[in-house]
Amino acid sequence: MKRTDYTIIGTLIVATFVVILNETVMSVALPVLQSDLGVPPSQGQWLTTIFMLTMAVVIPLTGFLIQMFGTRTMFIVAMTLFTVGTAIAVIAPGFAVLLIARVVQALGTAVMLPLLMTTVMTLVPEERRGVMMGISVVIAVAPALGPTMSGLVLDHFSWRWVFGVVLPFAVIATVVGAKFVRPVGERSSAPIDFLSIPLAVFGFGGFVYGLVAIGESADGKAAMPIWIPFVVGAIGLAAFIGRQLQLQREDRALLDLRVFASKPFTLSVILVVVAMATMMGTFIVVPLFAHNVLGMSPLTTGLITLPGGILMGVSSPLIGKIYDARGPRLLVIGGTLLIACAVWLMTTVTTATSFWLLTAANMVLCIGLAATFTPLMTLALGSLKPALYSHGSAALGTLQQVAGGAGTALFITIVTVVSKSGAEAGDSAAGRHDRRRSGGVPDRGLPEHRARRSRTPWSGAPKPVEHDESASRRHTRVLQSRRKQVERGGGRQTSDAVAVTVEQPGHGDRLRPATATPKHTGADGLPGRAPSGPAIAQVVRHRDVRPVTGRAPSGHRRGHGFA
């Protein structure tokens, strides 16, 4: 390889890293952005949906476009589009303009990954492809770093700076690439088939939107029945495939399907699709779980994926060397086992899960992904003829995009369904709890001694607390009970503060106790009366109430104590 070849590949890796980094920043920024722009979640999620749809439509066309216009021209066009889209996002006055900016960004992003893979396969000799593909797979670190960067920026600046940080790197990559990137591979003079473009739009776009609609329908917010986009996508894909089979006889196909005639390519693509679905689903769901359920800050949420991303970047070149020396079998088997182990670890997650367990599971996942992606992509493209490299890269990129959408839809659907069923159980339990506290507990099914007690409401029972449906749907009732004790002879009163937490049935996770601050004591009150006057704090006898800090007030009577 010449020195200029290394320069070209290095420039493409940096540029591709920048555009892929932008793809995952929205996972943390979206809630903040929705609040700032005043749009509901159902509308705000289109900032990610439209990006995925645009990528799904454009990637299948990149193989033909690279052959027709060449690597240098396509690089300049792609990076210019991405830079312009990022600049529009920084200054967007409203949601509509920001949505347009995301489309323009996606147009440039869709070209870069197939362009990088095609260039590497063309310039690098076969005996060194493992190492170079390993270096190229370093760009897979970008999805892991995206949430971290986004969280760090949002902790100090507005959401506009999420795009503003990326903009100068995009400008530099465009300028440097325009100077050093040169045409690679053979050009094709075949005319473009304009009929294939709308077929690709309806086929791939409809299918990916159907996957997105699955996640929306699980929460009852789908804009249309999910079967409609799938039917449109199926018809479009069938027509697109038929058209490409016809055109490839004349070497005019937008996506040459002869790449699937290679058995190593087909098997490798299937495994890459499974790994990609797992990766994207996990990278989307874990930050959402950490932020919405565990209550972590945007920065802490992003830091969960950072160590794994760094580990993936460091290990990928080493894995490439192992591929060149030993082949793909050992790496793929080991990587698949690590991915399965990471997914199992994530199934053990609860509301008590620590930051470190999530981080460790993500690190195991990233090592497994690095050990899987590098050999599979190298094996897949290496089994093709040089004339089909660009089409193989386009097919691989297209199926990765579809797999990412499928993984995201599957994981979000599972989380939504489980959360919804848990919330309904919590609502029912909270209703029973409020009725018990107000003295109106039905006596059906209770033991006789409990039933007699429940028929006579306690006159001093506190009023029912309005049921709180917070984002985490954990219903917390905090009673702060203060009792005074008059010391004989001195006339001085002390005040003990007890913070108690009511845990709703069906929500067994221990919630944080409220901090109770004792009020000032005085010398003119009677036992049981607060120093400030008529406010009386009762300690409720209830099976769900237990002291978690302080001590029980002294001198309490039976019926005013703790169960």
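Cβ from N, Cα, C; glycine included.
Averaged across the domain 'Major facilitator superfamily (MFS) profile' (8-438), pLDDT in this predicted model comes to 83. The domain 'Major facilitator superfamily (MFS) profile' feature in TrEMBL is assigned to 8-438.
What TrEMBL records for 12-33 (among others) is transmembrane segment.
What TrEMBL records for 45-66 (among others) is transmembrane segment.
Same-chain residues lying 6+ beyond the ends of the transmembrane segment (73-100) with a Cβ under 8 Å from its Cβ atoms: 12, 15, 18-19, 22, 33, 37, 39, 43-44, 46-47, 50, 62, 65-66, 106-112, 115, 160, 163-164, 166-167, 170-171, 173-174, 177-178, 181, 183. Residues or ranges marked as transmembrane segment by TrEMBL: 73-100 (among others).
What TrEMBL records for 106-124 (among others) is transmembrane segment.
Positions annotated as transmembrane segment by TrEMBL: 131-153 (among others).
The feature transmembrane segment is assigned by TrEMBL to 159-181 (among others).
Counting only same-chain residues 6+ beyond the ends of the transmembrane segment (193-214), those with a CB under 8 A from a CB of the stretch are 49, 52-53, 56-57, 60-61, 222-224, 226, 229-240, 243-244, 247, 252-255, 398, 401-402, 405-406, 408-410, 413. Annotation comment: TrEMBL describes 193-214 (among others) as transmembrane segment.
Annotation source TrEMBL lists transmembrane segment at 226-245 (among others). Long-range neighbours of the transmembrane segment (226-245) within the same chain, counting only residues 6 or more positions beyond its ends whose Cβ lies under 8 Å from a Cβ of the stretch, are 193, 195-196, 199-210, 213-214, 217, 253-257.
Same-chain residues lying 6 or more positions outside the transmembrane segment (265-290) and placing a CB less than 8 Å from one of its CB atoms are 24, 27-28, 143-144, 147, 259, 296, 300-302, 304-305, 332, 335-336, 339, 342-343, 346, 349, 355, 358, 362, 365, 369, 372-373, 376-377, 379-381, 383-384, 392, 395-396, 399-400, 402-408, 410-412, 415. The transmembrane segment annotation in TrEMBL covers 265-290 (among others).
Look at TrEMBL and you will find 302-323 (among others) tagged as transmembrane segment.
Summarising the annotation, TrEMBL assigns transmembrane segment to 330-349 (among others). Here the transmembrane segment (330-349) has long-range neighbours at 271, 275, 278, 282, 286, 289, 319, 322-323, 357-358, 360-362, 364-365, 367-372, 374-376, meaning same-chain residues at least 6 beyond its ends whose C-beta is under 8 angstroms from one of its own.
The feature transmembrane segment is assigned by TrEMBL to 355-381 (among others).
What TrEMBL lists as region 'Disordered' is 423-563.
Annotation source TrEMBL lists compositional bias 'Basic residues' at 473-483 (among others).
The compositional bias 'Basic residues' annotation in TrEMBL covers 554-563 (among others).
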